[in-house]
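As recorded in TrEMBL, the features of this protein are as follows:
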SIGNAL    1-27  signal peptide
DOMAIN    28-135  domain 'Ig-like'
DOMAIN    143-248  domain 'Ig-like'
DOMAIN    254-343  domain 'Ig-like'
DOMAIN    348-429  domain 'Ig-like'
DOMAIN    436-519  domain 'Ig-like'
TRANSMEM  548-571  transmembrane segment
REGION    609-635  region 'Disordered'
COMPBIAS  618-635  compositional bias 'Basic and acidic residues'
Amino acid sequence: MALSGAAGSLRLLLGWGLLLWGATVRASKVEVSMLETVEVELGQTARIPCNFSIPEESNYAYINWFYINKRNRTKIYYMVRGQVFEAEPEYKGRVAMEDDFTLTISRVTLRDARTFVCQVGAGSLGVGENRTKLHIYKTPEPPEIQVNDAGIPVTSKEIPKIAECVSKNGFPAPNITWYKNGNPLWQDNTQVNILSTLTKESSGLYTVSSILFAHVSREDRQSHFHCEVSYRLLGADQTATSEKVNLTVFYSTENVTLVIHSPQPQVREGDEVTLRCEGDGNPPPEYSLLKVQEGAQPEEKDLPASNGVLTLRKVKKEDSGLYLCRTFDLDSMKNLEDTVKLSVNYLEGLKITPEGPIQLQQGDVLALTCDARGSRPLEFRWKKEKKGKLLGPGKQLKLSNVTLESSGNYSCEVAVTGVPGLSRSKQVYVAVHAKPQISSKDSLVPVQPNELVTLMCKAAALPEPKITWSINGKVQNHTDHHRVISNLTVQVTPDLLQSGVTCTATNVLGNSSHHITLKLRTTTMPPPIGNTTAEPIKKEQKTQESKGVIIVAVIVCILVIAVLGAVLYFLHKKGKIPCHRTGKQDITRPDARKDEIVVEVKSDKLPEEAGLLQGANGEKRPAGDQAEKYIDLRN
């Protein structure tokens, strides 16, 4: 047991000794650690860190910075016991060392893309060093693409040039990739060929260009091409993309279509219609536009079209028919053609029978007939006046037992079924002859003596009537078609009150009269000054009598209050009413007991209510007997 314990202690001491010896060995070595690569943009400042470790009790003696050019080392900067020195003229004024021994290089150039060495010396402990590779980069300019704008035929046997892409001033040299409709293109030397060139400019930057060659088809008329430049930056891949371009592709015509362009689906007379030949070839071929004369032996008539386009302004029904578009394909050596039928809707021959103006007698019967021709079935309807009341549908309108009111314009409106906006209208004037009819409302007119009164007489007739008055005065007439309004202004005289006034309307078919009676007003109000109208003024006698009763009642109340005030004043002067007593008043006899007669007088008593006073035994006393009583004012 003692031997085994001694052996264990010996092994422990040997372990500690080895650890101490290993620590001493490590501490005696100078270790330098640096980044493998440092990237910086052209013209900016590069920072290359240098980290080193030496024994705690030791210190570094010097730090040297070198760059390696091929296999040679060139010292550019060093520090000896705290003093710094610049050794290379190329970096003079551009290099410095920070407090943590990081080397900085300002305004870096492409020549600075080198390997830099940091060397640390610690006297007897030896020398340690490490290195960093400095990468300089310059982001290239965005790629510019130029498409072949001369056009590319699909029948080309050689691979045609599609476009060229250029990216300038990049470092290191970038790469270019081509895309079609978002998919990358790779060279196969049969359908796709890509030619790239790299140029180093005098500045040391690179310009890369790439030309794309590829066969095209009809579908490529809608394809889009673009290029993408890729480069390495800060350990990651970066890209820049050009704009997308479209090709001009030439291909033969396989299909031809003749199209009608019009304001609406149903062509109407007067519309502007364009016939256009359209094909699926590029460039479009030469077209011929013809009209086919249908019949037993169809004939073709050349039209003055401009490369397959014909415009018909204010198209007519005669322009209806079959039209033909034709072209010749040089690649297939075939005729290509298409036809379309143009149908022009029309409405013509609108007439009304019998034609107007139509003269009728009162009580007659009239049948109006409307007729027209159109490209489709027609719809008819009648109206009184052009924008008046709808009378009914159909070709015929029947008027029975016509009167003077039946006179006027009757309009027939015709529309083509299924063709919006294609309609016509025509009207005829109907005149119903009748003797005058007077429609005056003035039969009894209240007046005042000597006032000026205006009387009115209205009459309607055809032919137009003439209105006369039975007396002379100022006459004003107004005519509206077959209606006449006549106003007579006269002064009221006793003879006029007795005779009245008569107006007479006359035409060749007869006459009508209307008598107006003048009656004096019963009111005592003075007559108004100037002209008065013939409308009667009615008075409400009941309302006036009510107002008179109210006025009389108010006057009586005022008189009663005045008499009562005089009595109170007289009694006060006689000393019967003390001045210092206020409140209610008891009216009684001086020698009577208080329980015999007690009357309360209030200010709101009406004169009628104060007429009688009651005694102690309930007997009624007249108002005249009250003057002998005494008035006692009590609380």
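Backbone N, Cα and C define each Cβ position, glycine as well.
Unlike curated entries, TrEMBL annotations are predicted automatically.
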Check your understanding: Considering only Cβ pairs under 8 Å, which range in 143-248, 254-343, 348-429, 436-519 makes the most contacts with the domain 'Ig-like' (28-135)?
Key -> 143-248
Study note, to complete from the structure: Secondary structure split (DSSP) over the domain 'Ig-like' (143-248) reads 5 helix, 62 strand, 39 coil
Study note, to complete from the structure: Per DSSP, the domain 'Ig-like' (254-343) contains 3 helix, 47 strand, 40 coil
Exercise for review: List the helix, strand and coil residue totals of the domain 'Ig-like' (348-429) as derived from DSSP.
Suggested key: 3 helix, 50 strand, 29 coil
